[in-house]
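> Mind having a look at this structure? Questions to follow.
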Number of protein chains: 2
Amino acid sequence: MPLIQRVMIVGGTHGNEFTGAYLIKKFEQHPHLVHRASFETITLLANPKAFLAVRRYIDKDLNRCFQQVELQDLTLSSYEDIRAKEINYFFGANGKTPVDAILDIHTTTANMGLTVITDEHPFNLRLAAYLQSINPLVNVYVLPQSEQEYSLPSICKFGCTIEVGAVAQGLLQADLFRQTEALIDTALNYLEQYNQAEILSFDSKLTFYQHHGTIDYPRNESGEIQAMIHPQLHFQDYKSLTPGAPMFLTFDGEAIAYEGASTVYPVFINEAAYYEKGIAMCITQRQQAIF
Amino acid sequence: MPLIQRVMIVGGTHGNEFTGAYLIKKFEQHPHLVHRASFETITLLANPKAFLAVRRYIDKDLNRCFQQVELQDLTLSSYEDIRAKEINYFFGANGKTPVDAILDIHTTTANMGLTVITDEHPFNLRLAAYLQSINPLVNVYVLPQSEQEYSLPSICKFGCTIEVGAVAQGLLQADLFRQTEALIDTALNYLEQYNQAEILSFDSKLTFYQHHGTIDYPRNESGEIQAMIHPQLHFQDYKSLTPGAPMFLTFDGEAIAYEGASTVYPVFINEAAYYEKGIAMCITQRQQAIF
């Protein structure tokens with residue numbers, strides 16, 4: 001595998017996720033924090049207009065605009081469509097200054113702690129395993145490449161999404177800000193050591209959560225939600241959910257049970273931005289692997 | 001004092017505060033829940049357009065549009081200005097069906113639990129004292145009438161704002177939804193008993209927090225914030241803050257202390273919607289009174 005020449009740290013892909021946006025501002029003021037000897041580090045506030053408006057997006061979700069067919073489609077001209085194409089022209093594989101790895105910083109209203117979202121590429125899984133070995137509180141959520149080919153990080157092969165929560169939209173939480181910064185620092189160190197062909201020795205057992213689908217809220221014919229996340233499931237991301245356990249609570253106070261056949265591990269439970277996407281939670285299976 | 005003839009329960013004054021909006025939907029489907037013998041109960045989804053857009057407001061904060069001079073100003077024609085005037089035409093003192101009391105349901109990203117915000121009118125303070133006597137977890141935040149004459153509840157003399165948190169914007173949290181519903185139920189019971197001239201006997205010692213000002217984030221010349229709420233202050237609403245205690249943490253990791261002369265009790269700490277208003281927290285003084 002060739003060396004990593006250019007790494008891009010991204011924040012504010014969603015304008016109301018402040019942690020990433022303010023980390024980008026900090027890195028731009030103090031570039032030595034993200035400087036490494038063997039590669040160039042670029043920072044990007046991905047959706048500045050949405051950040052100023054304190055909204056996830058202006059016209060559509062920027063992190064769903066990066067499918068190749070859409071990037072080539074001149075008829076798509078929303079603010080986010082144009083911005084996605086601009087980012088791709090600069091930093092995509094055939095861009096002016098293509099990047100080899102992306103670290104894209106997000107926050108979630110779900111209680112996902114420090115989460116690394118990655119595809120199944122061995123390089124990325126090994127990066128995730130390293131981050132977990134340095135900080136055992138790091139959760140790793142594996143989403144097949146086919147499920148995220150519309151995302152910003154999909155414009156290059158390597159890297160991951162950093163997803164931190166629970167944080168409400170439109171605000172900063174100092175403890176998670178600092179933990180996210182430390183995670184970026186560790187990821188940059190890993191890429192640097194990779195470039196220098198240092199054999200990193202670390203606990204090679206990775207615990208990860210493999211994406212297995214999504215579950216929507218109960219809704220009426222008009223699409224209005226009819227229930228909330230059950231209090232027993234609230235904030236229980238990465239905990240086991242067994243068949244028969246309460247999942248939702250209707251507005252009238254009736255519990256609705258999880259009816260699957262086997263135990264699963266939900267994540268993105270009660271993510272505010274997913275109400276409109278028809279997702280009350282994502283379902284995963286817990287797995288381990290040796291690296 | 002005359003009897004209460006009409007009570008209005010309001011939700012969705014801010015479109016991304018779902019608890020109130022979905023409680024209004026529930027009450028409209030099940031009117032018996034808010035029906036009382038001695039008065040008429042009206043429900044209002046105050047900002048339906050902002051609720052659909054999952055935003056606090058479309059053009060400007062509806063809960064700042066109710067000053068009498070603005071309500072009379074025909075040149076003010078933003079969506080929220082017009083909506084405020086419409087609400088006032090229907091339910092204000094000189095409206096078609098004036099209401100005597102308003103219960104306006106809000107949520108906050110601050111950790112304020114179940115809070116009743118009221119002015120100093122003895123009737124409202126006594127209502128607050130009753131709510132606290134039924135549920136000792138109810139916090140009472142007293143804001144002088146002069147500080148909230150722009151708010152929706154200011155169109156009538158009686159009632160209060162219910163402020164519940166911590167809840168992120170754009171989502172529902174089942175436990176707080178149910179606690180808010182119970183609080184509304186108790187408030188309606190109080191108004192009913194008042195009308196029936198029943199002498200309510202309850203623990204008459206009210207603990208409340210008197211508004212004393214606001215504190216902004218440290219900012220640079222461009223108005224950009226330079227620090228976050230300090231982790232030791234995060235979520236510590238209604239707890240004492242003593243001179244010298246850490247208040248903010250700069251992005252570079254430097255603590256900034258509270259420099260006031262005396263102990264205060266901050267509330268609305270890290271409310272997302274207040275970043276743009278220049279408020280990092282509101283400062284109160286803890287007091288007690290007998291009713």
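Yeah, the Cβs are placed from backbone N, Cα and C, and that goes for glycine too.
Feature list, courtesy of TrEMBL:
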ACT_SITE  B:Glu163  active site, proton donor/acceptor
BINDING   B:His14, B:Glu17, B:His106  Zn(2+) binding site
BINDING   B:Arg56, B:Asn63, B:Arg64, B:Glu163, B:Tyr274  substrate binding site
DOMAIN    B:5-190  domain 'Succinylglutamate desuccinylase/Aspartoacylase catalytic'
DOMAIN    B:205-286  domain 'AstE/AspA barrel-sandwich hybrid'
> Quick check: with B:Arg56, B:Asn63, B:Arg64, B:Glu163, B:Tyr274 left out, which same-chain residues have Cβ atoms within 8 Å of the centroid of the substrate site Cβ atoms?
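Leaving out the recorded residues gives B:Thr13, B:His14, B:Asp61, B:His106, B:Ala273, B:Lys277.
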> Just name the most isolated of the recorded positions B:Glu17, B:Glu163, going by other Cβ atoms within 10 Å of its Cβ.
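Looking at the recorded positions B:Glu17, B:Glu163, the Cβ with the fewest others within 10 Å is that of B:Glu163.
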> Nearest to B:His14 (Zn(2+) binding site) in three-dimensional space, by Cα, is which of the binding-site residues B:Arg56, B:Arg64, B:Tyr274?
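Of all the candidates listed, B:Arg56 is nearest in space.
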> Could you put numbers on the helix, strand and coil content of the domain 'AstE/AspA barrel-sandwich hybrid' (B:205-286), residue by residue per DSSP?
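Its residues divide into 3 helix, 35 strand, 44 coil.
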> If you measure from the Cα of B:Arg56 (substrate binding site), which of the recorded positions B:Glu17, B:His106, B:Glu163 is the nearest?
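Ranked by Cα distance from B:Arg56 (substrate binding site), first place goes to B:Glu17.
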> For the domain 'AstE/AspA barrel-sandwich hybrid' (B:205-286), what's the mean pLDDT in this predicted model?
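So the average pLDDT across the domain 'AstE/AspA barrel-sandwich hybrid' (B:205-286) works out to 97.
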> Cα-Cα separation of B:His106 (Zn(2+) binding site) and B:Arg64 (substrate binding site), in Å?
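Counting only the Cα atoms, the answer is 14 Å.
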> Let me check the 10 A CB neighbour count of B:His106 (Zn(2+) binding site). How many other CB atoms are there?
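I get 25 for this one.
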> Taking each of the binding-site residues B:His14, B:Arg56, B:Arg64 in turn and counting other Cβ atoms within 10 Å of its Cβ, which one has the fewest?
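Each of the binding-site residues B:His14, B:Arg56, B:Arg64 was scored by Cβ atoms within 10 Å; lowest is B:Arg64.
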> Neighbourhood of the Zn(2+) site (B:His14, B:Glu17, B:His106): other residues with Cβ within 8 Å of the Cβ centroid, in order?
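For the Zn(2+) site the neighbour list reads B:Gly12, B:Thr13, B:Asn16, B:Thr19, B:Gly20, B:Arg56, B:Asn63, B:Ile105, B:Thr107, B:Thr108.
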